[in-house]
Amino acid sequence: MIGILIGKFRLLLRKPGALITTTLICMVFAFVTGKAGFDKLEIPVYSSMEANELKQYINQLNKGDVFHFKQSSENEVKERVSEGKVEAGVQLEKSKYTIYIARNSENIPLLEQYVKAFYKQTLKQKALEGISLESTDSNKKTVAEWPEMFSLKTSYFNNKEKPAYNQALQSLFGFTLFFVIYTIGFNVVDILNEKQMGVWDRIIISPTSKVAVYTANLLYCFLIGYVQVVFIFLVFRFGAGVDFQGAFGKTLIIIIPYLFSIVALTILLTGLVKTTGQFNALLPLIGVSFAMLGGAYWPLEIVSSELLLGISKVIPVTYGMELLKGAVISKSSLQELLYPIGILLLMGVVMMGIGIRLIERRHV
C-alpha cells in the first residue's frame with residue numbers, strides 16, 4: 001500500500017498541472033465573487049427623522065458585518081438606485097422603512113432580513129422603555145409578551161436564530177467545496193483507467209491485496225483534496241486577510257467528513273459509468289448541480305422553494321457548507337456540528353459500499 005501511495009505522489013510531481021490549475025481557478029473565483037465581502041456593501045439612506053435620531057439608527061445598523069449605511073438626500077438615493085450605482089437604498093423612519101432596489105441580487109433578501117430584524121428589535125425595545133418606573137411587574141410581563149410587530153421566520157440545521165452572513169466566507173467556502181469535487185473526481189477515475197488497462201491485474205498478482213490497493217488509491221485521492229483545501233484556506237487566511245474568527249484550526253478538522261463523502265461520491269459515479277468519457281461528462285453535471293442546490297453559490301437562507309430545500313438535504317455540499325459556516329460564522333462547537341458530520345459519514349459509507357460493489361461487478 002505504501003508503495004502504491006509513493007508511486008501516485010511521484011506521478012503527481014511529474015504532472016502537477018491539473019491540480020495547480022484547479023487550485024488557481026478556485027482562488028480566483030473565490031476572490032472575485034467574495035471581493036464585496038472584504039468591504040461592506042454601501043446602502044444610502046434618507047429619512048425625515050431628526051438628525052440625532054437618524055444618526056443613532058445608522059450607527060446601530062452599521063454594527064453588522066455586511067452592509068454600510070450612509071446618510072444621503074432623498075433625491076440622491078433614488079437617483080443612485082435608478083442609475084444602478086448601488087444595489088439598494090433605504091428610507092428610514094421611526095417605525096417603518098422602505099427599500100428601493102435597482103435589481104434583484106443575492107444581497108437584497110439579506111438586506112430585507114437585516115433591516116426587518118433591526119426594526120423588530122428596536123420597536124420592542126422602545127415599547128419596553130416606554131413603561132414608567134412605577135409600572136408593576138405584571139404590566140412589564142404583559143408588554144414583554146406582546147406579539148411581535150414583524151413576522152420573521154428563518155431557520156437552518158443547528159441554529160434557530162437568524163443566520164449570520166459573510167460574503168467573503170460564503171464565496172471562499174462555496175468555491176473550495178465545489179472545485180475539490182473535480183480534484184478528487186479526476187483522481188478517483190484513475191481506478192477505472194487502471195482497471196481497463198490491466199494495471200490492477202498485475203498488482204493483484206503480487207502479494208498486495210485488493211483491499212490495500214483500494215485503500216491506497218482512495219487515501220491518495222483524499223489527501224490530494226485535503227492538501228488543496230488547506231492550501232486555499234492558508235492563502236486566504238494569511239494572504240487575503242480573511243477572518244476565520246478564531247476557528248481556522250477547527251475548519252481543517254471538520255472538512256474531513258465532507259472530503260470523505262466526496263471520495264465516496266466519485267467512487268459511486270465511477271461504478272455507474274463504463275468509460276472515462278462518460279465520467280468526464282457526468283462529473284461536471286453533478287458538481288455544478290450539487291453546488292447550486294447545496295448552497296455553494298448562494299446561501300440557502302435566501303431560497304424559498306420547499307422542493308429545492310428538500311433536495312438539498314441529500315447533497316453533501318449542503319452539510320459541508322453547514323459545517324464551515326457553523327464553525328466560523330455561527331461559532332458552533334464540535335458537539336453542535338455532530339449532526340452534519342454524522343450525515344456526511346453515513347452518506348460516505350453508503351456510497352462507498354455501493355460504488356466499490358458496482359466497480360467490482362462491472363470492471364473486473
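Placed from the backbone N, Cα and C atoms, the Cβ positions cover glycine too.
Here TrEMBL flags 137-362 as domain 'ABC transmembrane type-2'.
Annotated transmembrane segment per TrEMBL: 12-32 (among others), in sequence order.
Under the heading transmembrane segment, TrEMBL lists 172-192 (among others).
Sequence annotations record features per position, and here TrEMBL assigns transmembrane segment to 213-236 (among others). Remote same-chain residues near the transmembrane segment (213-236) are listed as 1-2, 4-5, 8-9, 12, 19, 22-23, 26-27, 30-31, 172, 176, 179-180, 183-184, 187-188, 190-191, 200, 203-204, 242, 244, 248, 251-252, 255-256, 259-260, 262-263, 266-267, 356 (criterion: CB distance under 8 Å, separation of at least six residues from the stretch ends).
The feature transmembrane segment is assigned by TrEMBL to 248-269 (among others).
Marked as transmembrane segment by TrEMBL: 281-300 (among others). Same-chain residues lying 6+ beyond the ends of the transmembrane segment (281-300) with a Cβ under 8 Å from its Cβ atoms: 106, 110, 156, 163, 165, 170, 173-175, 177-178, 181-182, 185-186, 189, 265-266, 269, 272-273, 308-309, 311-312, 315-318, 320-321.
Below 8 angstroms of C-beta separation, residues 157-158, 191-192, 195, 214, 254, 257-258, 260-261, 263-265, 267-272, 316, 319-320, 322-323, 326-327 of the same chain, each at least six residues beyond the ends of the transmembrane segment (337-359), sit close to that stretch. The feature transmembrane segment is assigned by TrEMBL to 337-359 (among others).
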